[in-house]
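Colleague: Pasting a structure here, questions to come.
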């Protein structure tokens with residue numbers, strides 16, 4: 001088809017009187033003939049000349065030539081990716097075409113007839129392409145919908161199907177894809193589009209057959225198996241889809257089809273078999289490096305394995321091929337997620353979402369990044385969009401559940417996990433997710449734990465190699481102190497798949513049952529699999545420190561006065577707690593071993609006797625090879641703990657002449673419970689050490705006893721208790737005994753579950769030994785985050801030995817913090833005996849009592865000798881002032 005007709009030379013008066021129009025006409029003939037043969041990249045400049053000739057004078061270019069000049073200009077600008085200008089010229093060409101169709105007498109003599117020019121349908125399709133490139137999807141749909149249905153070609157219907165699907169108009173998308181299959185039964189993209197929109201496999205297969213696809217050709221290509229595999233992939237059966245599509249890859253002409261292999265990788269990815277999925281996707285990428293299909297999932301797999309270099313290389317390749325694809329931006333975002341640059345990663349994920357607002361992998365990626373930056377509500381919105389049918393994703397359900405757990409919305413988390421089990425066909429991962437939620441829910445109780453146990457065991461029956469299920473089941477056994485069962489579960493799981501975290505957990509459990517040799521073996525395996533496993537390193541170091549020289553000074557090298565003061569001072573705060581720890585290993589007790597290990601049978605015996613033992617413990621410091629005898633008086637420890645318990649009960653401010661139900665956290669041998677019994681209250685004790693609870697039973701205490709870990713929450717019903725006390729237990733939660741332990745999370749879980757167990761207006765009092773100010777800040781911050789009010793009450797803050805720290809928490813507003821002892825106006829009558837005892841002890845030593853008149857006068861005299869200004873002594877010196885104004 002000729003692009004332009006050849007205009008004839010004008011004769012007569014025009015040629016004789018005005019030679020300028022003839023020259024212009026010759027120029028127009030040269031430009032128009034050049035446009036027909038020029039490449040697309042050069043048509044823009046020539047088109048500009050042609051359009052300027054059109055504006056120079058009417059009648060020089062014919063109507064057909066004007067129309068074709070506009071078309072050439074639009075195509076040239078589209079080639080140069082100037083889509084906005086290209087759209088403008090195509091729209092002008094469309095208007096010009098309407099004029100050509102209606103006009104009876106066309107200007108200019110041409111051999112090209114209007115019917116031979118580009119059709120309106122093709123022009124509108126080009127306008128649609130420009131609008132899609134500008135991401136004006138709704139306008140693109142409108143321009144295509146303006147084409148009458150009977151005039152729509154296959155490519156128009158296919159484009160409409162893609163746009164309808166992208167915009168969420170599923171019914172119109174199905175109609176468009178059906179029209180494509182009627183005209184081209186082997187249009188697999190349309191068939192796959194119908195399957196992704198929830199159309200049944202049999203219906204799509206019937207459409208393919210009804211369209212006239214040859215049976216022999218379809219069987220040879222495996223079309224029906226392809227449709228079946230894609231249908232299973234989009235109907236929450238990715239495992240069956242992987243098997244169906246893999247059979248096509250193994251037997252048939254499609255064994256080297258990169259698209260098929262990448263689809264197999266996607267199916268394996270959705271089943272959770274990430275190792276096989278990565279192999280399949282890498283193979284597909286090697287066969288066709290220019291294809292973007294499945295590369296978003298491959299980038300996510302690299303991110304899960306922290307393979308930053310491979311992810312960056314993949315992102316660079318995809319960006320070099322085509323920067324306007326979702327996969328390229330996802331790969332770039334994943335590489336930044338590995339580097340923990342979440343701000344830029346979020347921006348790139350948003351760009352990917354702008355290219356395709358319904359892309360599930362993009363929604364999950366953005367939701368995951370929002371979780372990392374603690375924007376859980378925004379993450380929930382994106383995860384909810386990603387679980388839309390017909391192809392819900394486990395990653396979206398998992399993200400939703402984790403967000404609800406972080407927001408302490410446990411009921412919604414359990415409901416979402418249950419929905420995941422139903423939608424995903426009770427798969428292994430869904431069952432494990434549901435069981436994990438029930439384990440984390442402090443309100444689920446024993447029934448919830450039993451249900452979680454059955455779900456996890458069912459998951460392991462389906463897939464014995466699935467480690468998360470084994471780890472959660474082992475955690476459940478460990479919380480019940482059934483260490484043998486936990487070890488058996490992890491050993492079976494490690495036979496199928498070996499991981500560093502599994503061996504480390506196994507070693508931790510073996511230490512608890514005193515199998516140190518096997519523990520060392522598993523710690524070694526854990527470090528061989530992951531040399532940076534800090535938990536395994538710390539475990540080995542703890543074991544080595546128990547058998548090697550700790551480098552501590554011997555007993556003889558310690559100052560004698562310090563030892564005598566520690567053992568003789570009546571107000572020494574838990575002499576065993578610090579002095580014995582310093583002499584034995586140079587560490588605090590919580591740094592030596594987990595509480596359930598530290599408080600073993602030997603330690604519990606110190607609380608089981610009321611006799612004064614002459615020598616209750618014998619230490620061997622192997623570095624010095626000296627026997628050291630250390631006198632630890634068990635009755636002294638019990639006496640001090642009783643005093644602290646009485647002070648904690650006093651701080652509870654319980655109503656007089658009323659019997660209250662109190663929760664004793666870290667009850668140990670039941671000394672605090674006996675104080676509560678003496679005051680006529682009921683109590684329930686909770687402790688992690690079984691030997692200490694046995695001592696409580698030997699004492700025949702009145703309260704009920706519960707074996708449990710405070711860090712896993714208080715598993716008791718809401719608003720059950722009128723108060724809570726805890727003596728020397730809270731500091732254990734500030735130490736991580738396992739790699740899975742996070743002190744802030746364990747503290748928050750403990751305080752949030754305790755807040756639920758207490759009635760409104762009640763108090764909880766904790767006496768604890770913080771290691772430093774950071775621990776105090778951590779504890780108070782998590783308590784306030786859980787909903788408590790209150791603060792610290794420090795008794796005798798100026799004393800190095802009688803100083804006690806109490807954390808007083810209140811569930812109701814408007815309560816004042818109790819006054820501390822040992823500060824002005826803080827000493828009450830009921831503690832006069834305790835204060836007088838301290839005063840007498842200091843008077844015996846010849847020192848004036850702190851804050852007394854003699855103490856003040858002595859201090860003022862010392863400052864005068866130093867040359868400092870001091871107030872004049874008077875009768876009011878050292879006199880107590882009233883607290884009233």
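Keep in mind that glycine also has a Cβ here, set from the backbone N, Cα and C atoms.
TrEMBL lists 663-736 with the feature domain 'Methyltransferase type 11'. According to TrEMBL, the feature domain '18S rRNA (guanine(1575)-N(7))-methyltransferase Bud23 C-terminal' maps to 809-882. The feature region 'Disordered' is assigned by TrEMBL to 861-885. Taken from TrEMBL, the feature repeat 'TPR' applies to 258-291, 500-533.
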Colleague: Mind tallying the domain 'Methyltransferase type 11' (663-736) by DSSP state, helix then strand then coil?
Modeller: 25 helix, 20 strand, 29 coil
Colleague: Per DSSP, how many helix, strand and coil residues does the repeat 'TPR' (500-533) have?
Modeller: 27 helix, 0 strand, 7 coil
Colleague: Looking only at the repeat 'TPR' (258-291), what are its DSSP counts of helix, strand and coil residues?
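Modeller: Helix, strand and coil residues of the repeat 'TPR' (258-291) number 28 helix, 0 strand, 6 coil.
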Colleague: Let me spell it out: take the repeat 'TPR' (500-533), skip the flanking residues so only those 6+ beyond its ends count, and list any with a Cβ under 8 Å from a Cβ in it.
Modeller: 467, 470-471, 474, 478, 483-484, 486-487, 490-491, 493-494, 539-540, 543, 594, 596-597, 737-740
Colleague: So what's the average pLDDT for the repeat 'TPR' (258-291)?
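Modeller: In the predicted model, the repeat 'TPR' (258-291) has a mean pLDDT of 87.
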